[in-house]
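Annotation source TrEMBL lists domain 'ABC transmembrane type-1' at B:108-309. What TrEMBL records for B:12-35, B:114-135, B:147-174, B:186-204, B:232-256, B:290-312 is transmembrane segment.
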Amino acid sequence: MNADLILEASGISVHAGSQRLLRELSFTLRAGEVLTILGESGAGKSLLADALMGNLPAGLVAGGEVCIQGQRSAARDARARRPLWGRKIGLLPQEPSLALNPVRRVGSQLEEVLQLVRGLPAHAAAEQSAAQLQAAGLSASGAQYPWQLSGGMAQRAVASMALAGGASLLIADEPTKGLDAHWRDHVTGMLRTVAETGGAVLLITHDLRVAEALGGRLLVLRAGELIEAGEMADILRAPSHAYTRELIAADPAHWPVRQAPVSGPLIVQGRGLSKAFNGKSLFQALDLDLHAGERFVVQGPSGTGKSTLGNVLLGLLRPDAGSVIRAPGLATTALQKLYQDPVASFPPRQTLGSSLRDACQLHGEAWSALQGRLERLKIDASLLTRRPSQVSGGELQRIALARVLCARPALLFADEPTSRLDPLTQRQALELLGDAMDESGAALMLVTHDEDIARVFGQRQQVFAAH
Amino acid sequence: MSSTQTSAWRGLLLRRAIQVLALLLIIGSVCFLMVRALPGDMAMRIAASRYGYDFVGSAAASAVAQELQLQRPLWQAWLEWLGQLLRLDLGQSLVSGEAVWHEMAHHLAASLDLAVTTLILAMLIGLPLGVAAAVRPGGVADRIALLFAVVLRATPAFLLGILLMLLLAVHWGMLPAAHDDQGGTLWLPALTLALGLAAGLARISRSAVREALASPACEFARSKGLSDFQALLRHALPLAALPVLAYLGVHLVLLVEGTVVVESLFAWPGVGHALVHAVFARDVPVIQGAALSMGLLFILFNLLLDALMLAIDPRQRKPGASDA
């Protein structure tokens, strides 16, 4: 047995009753190594992490054997690995700001790990906690509450806590979901540090850019099956499986740049727009013209006023100063919005069909025209008998797109329409959105935190910088 | 940080102070009008309370009416009463002639005794039951807590009070039934009120603790190495405390409401008991005093709860978060 062998997974599988969700999978992870599991949602990536931790939802059964730093247990025996939590396996939670307890100070949440898990006496735990916070660049945050930290600070605090108990295996499940390039690099750097200081990292992601930056080995999962395994660089250079090639092509960095259409008459004009929120100025004295057919992309980190600008142009928010002038002759419903969370933009207890019929009726459109549009958006008619919660996010966002086009918008404001979708679905949804806009000749204002999407989509860009 | 904290506290006190003023005006006026609207001759009822029914004739009644100027128009009496209220003068009891504030101070102290004991008992019974039910949903504690809650919430205070009296005082002789000079008379009325409150507390703390246990914060506490018990104690309970306190704030009205029935039942010399007697005797100043005292008690408890929430939940001390 090798001393630096940290994780040995042999024949890990997950079943729900007789249904197999994850096919037997074996791999090892040594100190200093990074292993990335790549796949779209539903591929079984998170199930694998849960099975290793011993944290599967009720009703799911793991098979195979797990050996963590010499401690061998059956994968089914979740209780055997519970004592290893924090001590040998650390889990980096998906949303660090939610993982911290809002009513307790950051320092005490780290201190308790050192005291209760590591077994340090109180004063030593306090000293050590202060030292670790300082090392993470959080020396002033020990006395703060989690909601007083920025996203990146919370991310660092959570990482310190996950590792404070002495864990050498860090499982990171989608640690970069919804983060922009800046924070993505930050997380990547942090994970690399863990590996460089003798730990091992198991990264679960659908974001190829993180995987690429971290290097190491790669496993590609699809629908619970392993379809490709090997060194990251080799696979990225010469993927052997068609699905892997598709995944790589779905990375926004590899998208072809869209042809900009010819722009037409002026639709909306903003003059001297200013808006502040909670005393923080989001934009000031901004002049903006939007023409028919134009692709205007607003890009920047969250909380910088991207959505606010769109809402001001649509007339959903009043600017603090300046004015928004609509082209004369526009219908009152000519400016439309596509929301970030499609589930929240449909009435939950109505079937999708009845929601769409209402929209048709409201805007005086023939049902057959909408049906044709759904067909072009590759939405099967049978989905319309379901409720919003019963279809996938990608499908629902396309249905939302079909619905918003009922109003024949002259300007469509799409607010992060695909940030919750995985790359394959995201690419498909955005391409359909672009095609629909080209076809209708409407202006598109697209808000995104993804600089690659902004690059391929934007004919004109407005970048909001972090404050 | 400290300046935003003090401003949060100042906002809290200011809000409650405005409530106290509004309460004085509204409760006082409503009581005043309700008493005037009661059927029967007011002077006759007051005279009867003073001298006893056997000694009251129309002469005594008109003497009372003369003395108390009962024949004045309504608005005059109301305006005069308002002026007195602003001078914090609640007048004298029409029956005993004693100052209302003086009488009320005595009743209020007794009611406060009862309310605080009730609150402590309710928390001692309800909270552990709720937490135990939350830790093992569907377990023995959960089922007992559910049964307890359903039965007690469905039992009105007067019935529960009589049952407890029969069982604990008459049958087992453990506690004195009604007010006498021995100690321990507090326990039965307090228990009667506490059981109803505890039933609700058990339900609400169960769901609050379950929700807190399922929160990402608690899951992270466990995955970073804390035991289930440590995660419960250090992360779930502080999170669950907030909705429980909010529930208490709303349901303290049960305490104020319950005191009327329960104090009368157990002859506990509190505000509720005084109120019932004053209504029978048409003793307007005492009715107003009692109603105001009850309202004040309610506001006082809510003020304490608000302060407690502010102390537990640092998020409420954020600037801009103080507007409830």
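Please read every residue number as a count from 1 along the shown chain.
Cβ from N, Cα, C; glycine included.
Unlike curated records, TrEMBL annotations are generated automatically.
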Distant-in-sequence neighbours of the transmembrane segment (B:12-35), which means Cβ under 8 A and at least six residues beyond its ends: 42, 77-78, 81-82, 85, 279, 282, 284, 287-288, 291-292, 295-296, 299, 302-303, 306-307, 310, 322, 324
Contact between the transmembrane segment (B:232-256) and the transmembrane segment (B:114-135) (3 or more Cβ pairs under 8 Å, separation 6+): yes
Folded-back contacts onto the transmembrane segment (B:114-135), same chain, C-beta under 8 angstroms, at least six residues removed: 141-142, 144-146, 148, 186-187, 189-191, 193-195, 197-210, 213, 232, 237, 240, 244, 255-256, 259, 262-263, 268, 270, 297, 301
